[in-house]
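Over in TrEMBL, the protein carries these features:
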- 20-86: domain 'SAM' (DOMAIN)
- 139-159: transmembrane segment (TRANSMEM)
- 179-202: transmembrane segment (TRANSMEM)
- 214-236: transmembrane segment (TRANSMEM)
- 304-323: transmembrane segment (TRANSMEM)
- 329-349: transmembrane segment (TRANSMEM)
Amino acid sequence: MLCVSVCSRMSELNGRVSAWSSSQVAQWLQDEGFGQYVDLLCSQHRIDGVSLLALTEADLRDPPLSLTVLGHIKRLSVALRRLQRENKAELEELGLWPPDANSAGLSLALCQTHSNGRFRQPMVGRLDPEVWKTVISSVYVFLVCGLTSFVMVIVHERVPDMRTYPPLPDIFLDSVPRIPWAFVMAEACGLILCYMFLLILLLHKHRSILLRRLCSLMGTVFLLRCCTMFVTSLSVPGQHLKCASLSYGDTWGKIQRALAIWSGFGMTLTGVQTCGDYMFSGHTVVITMLNFFVTEYTPRNWNLIHTISWVLNLFGIFFILAAHEHYSIDVFIAFYITTRLFLYYHTLANTRAFQHSRRARIWFPMFSFFECNVNGPVPNQYHWPFSKPAFMKTLIG
């Protein structure tokens, strides 16, 4: 009788795994010693043969399955990999082979971190602040800002002579008269957005991740700006700008000028006046990036905050153009690059798509390093970070 029973089960599981029904998957789970998961996998989630071949350890750990017994997760993962190896041809037909296991394993190894000298895995369902990564991103943007300031000094020495190279034709600049106070207003819009973001950063539960993302994105955009303004020197956009090629002498003189630009954040409000850094607009980058961070990391129903943020962004861009401090193409390219990079970054981070793409990990190594332990979208949760006053703790959480 035992032989008949075994043979009966074997005959039921013969044939293509991809053609298995949920009942055949249930029989396979029973034979492998995972009968306790038959109801969860086969009854609740309708796992059939195709689904079984596509199942991964991450699927077992993450919702909606959310298995919690580590030994069961590991043993079931081994059984799944064995089944996948035995049915490689079917996986190829389904487009699931090769699974890129080596690169996935490498990525996982890089994402594993150490805490107090102990080796640990990323925790599913919990967002680790990873302050040390935030410090690295802060150093990164700090160095990029220093490099940008030094490149601006070099660019100033190469400003085209206005008598030989007059301002280029520009539809907006040629049609809209210059407003002398407009650039100050643009910087005021940027400051208001900065204060809004700092308040959100203070109250956001996952402030370390927000700051890390802001630093990495800002640093990357301004690093690209270093390249573009160094490679291409545009003529001064307006006759009102008293710009001329200026030499700062030796290297120490250039460094001193770069430190002055860096310490003043490149803003006219702090007394910094620069020339030649037109392609593309750094003010537009900062204003747009802050707007996107404010709207992304506040609840969707905070319509007033989102409206104010967008109005400040758009008016800031208008004031930059109305001041005739940049060509229209400078502002357009800055807005486009900033928004695309922000959206690409967050799409990859929220969908975890980079985990399944070796190309993404090769082209975006810094992104993979910063985001590998962030499990999905960052929820907009707030709490008061100080113990006093007590009413703020009660009000915010």
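The backbone N, Cα and C atoms fix where each Cβ goes, and this holds for glycine too.
For the domain 'SAM' (20-86), the DSSP-based tally of helix, strand and coil residues reads 49 helix, 0 strand, 18 coil. Using the rule of three or more Cβ pairs under 8 Å, pairs at least 6 apart in sequence, the transmembrane segment (179-202) is in contact with the transmembrane segment (304-323).
Listed by sequence, the residues of this chain that lie at least six past the ends of the transmembrane segment (214-236) yet keep a Cβ under 8 A from its Cβ atoms are 134, 137-138, 140-141, 143-145, 147-148, 151-152, 154-155, 158-160, 162, 165-168, 197, 243, 275-280, 282, 285-286, 289, 293, 327, 330, 337-338, 341-342, 345, 366-367, 370. Restricting the average to the domain 'SAM' (20-86) gives a pLDDT of 87.
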